[in-house]
Amino acid sequence: MTLSFTTRWRDELPATWTALNPTPLHNARLIWHNAELAHELAIPQSLFADNKGAGVWGGEALLPGMSPLAQVYSGHQFGVWAGQLGDGRGILLGEQLLADGTTMDWHLKGAGLTPYSRMGDGRAVLRSTIRESLASEAMHYLGIPGTRSLAIVTSDTPVYRETTETGAMLMRLAQSHMRFGHFEHFYYRRDIEKVQLLADFAIRHYWPHLQEEQDKYAIWFRDVVARTASLIAGWQTVGFAHGVMNTDNMSIMGLTLDYGPFGFLDDYNPQFICNHSDHQGRYSFDNQPAVALWNLQRLAQTLSPFIAVNALNDALDSYKQVLLAVYGKRMRQKLGFYTEQNNDNDLLNELFALMAREGSDYTRTFRMLSQTEQNSASSPLRDEFIDRAAFDSWFSRYRARIQTEQVTDDERQLQMKSVNPAVVLRNWLAQRAINDAQKGDMEELHRLHDVLRNPFNDRDDDYSRRPPEWGKRLEVSCSS
């Protein structure tokens, strides 16, 4: 089957991009590809047959119909206007036309210098490329919307960061790479025509059912708010911290975008900061919902020339309601509650307080809670707590709550295990795969990808256990 690509962004959004080809790496080699995703998108396996990576994965060739470009956008970084940014190391190769009429961006990250590289070299390192690849697939299989990873290429090209590292490329796929920052770029240049052109493009291609609506812009923005709220609720339920929630890293589609110094909670700490450059804790785990709303307010400002202020405010006011509704539903599922009762939030908050006091492992706590039997006062989770009396007090009230549901233990346990993963991408697991890959051994990279495809399966091994002490102390920066 021949792949078909369109050039909609290039054709319909002039002055938002610069045309250029990728700069190949030296001696590029394909080290991993996503066979399942390739099958879903009808991408021929023959494209991955050349183990030396001499092809589209390493920026050495283009497929018919591709017309590569780098996009320009701006943004607020750590709450401060940063001005022009743009694709500093990534190139949009093309938009694949899918059988259902939708498209999928092919975005090559680490593709070399662009006009938007600023002081950078346009490259990505193997370390960050592996992290993003693992994270995007882990989040997908946890049910959280985001970009996908199709292939990783390594090379003999040295890249200079804090130390000399290995140059790499990642083929990243997404329904769209349109960011809040695209709108900000033209708004702050007083080019409102381009802002509206971006909105028209989004509605025409991603919200086509709104095209004939009289208030299409207001309805569209309200859905962007809802998608963002739902995304953040998903992050909070799986214990994911993004680390760099700048407006240029926010997707209008409600996708997790740009995996940098992210982290999943190990010990439950609501003030968890995964980015060691975030000295003020702006992007701490507990602050993510508020930051997302702040970012939406910045987007709303760019749309104010053609959406009424009251409509923008109404949409922004709906954020909290959607966030709490989605978060509440997911947390009730994690607790095994089929109905909503008045004291559910109190029960959850009391558990969180106990976990924070004890430093309980976030993922393991909810997974082990999935084994609860409503008529048994014993629980394997009890051994995870030092203050047994406090746990017993909470657990007795929890058992009383699940006894109000007309559900068998087997049914509830099965349901809870379907939403409480046994495995998440802990930093130490990613680092172990990276360490091996940097030595030329890709076995753990492939194995970890396979494990992350089935996060809800029962297992009792390194992937589901608490991290070792050294694994808890890993610091991650924005360097990539």
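Yeah, the Cβs are placed from backbone N, Cα and C, and that goes for glycine too.
According to Swiss-Prot, the residue from Asp11, Asp258, Asp266 that belongs to the ATP site alongside Gly86, Gly88, Arg89, Lys109, Asp121, Gly122, Arg172, Arg179 is Asp258. In this structure, the recorded positions Asp121, Asp248, Asp258 were compared by how many other Cβ atoms lie within 10 Å of their Cβ, and the smallest count belongs to Asp121. Contacts of Arg89 (ATP binding site) defined by a Cβ separation under 8 A and a same-chain sequence distance of 6+ are given as Lys109, Gly110, Ala111, Gly112, Thr114, Ser117, Gly120, Asp121, Gly122, Arg123, Ala124, in order along the sequence.
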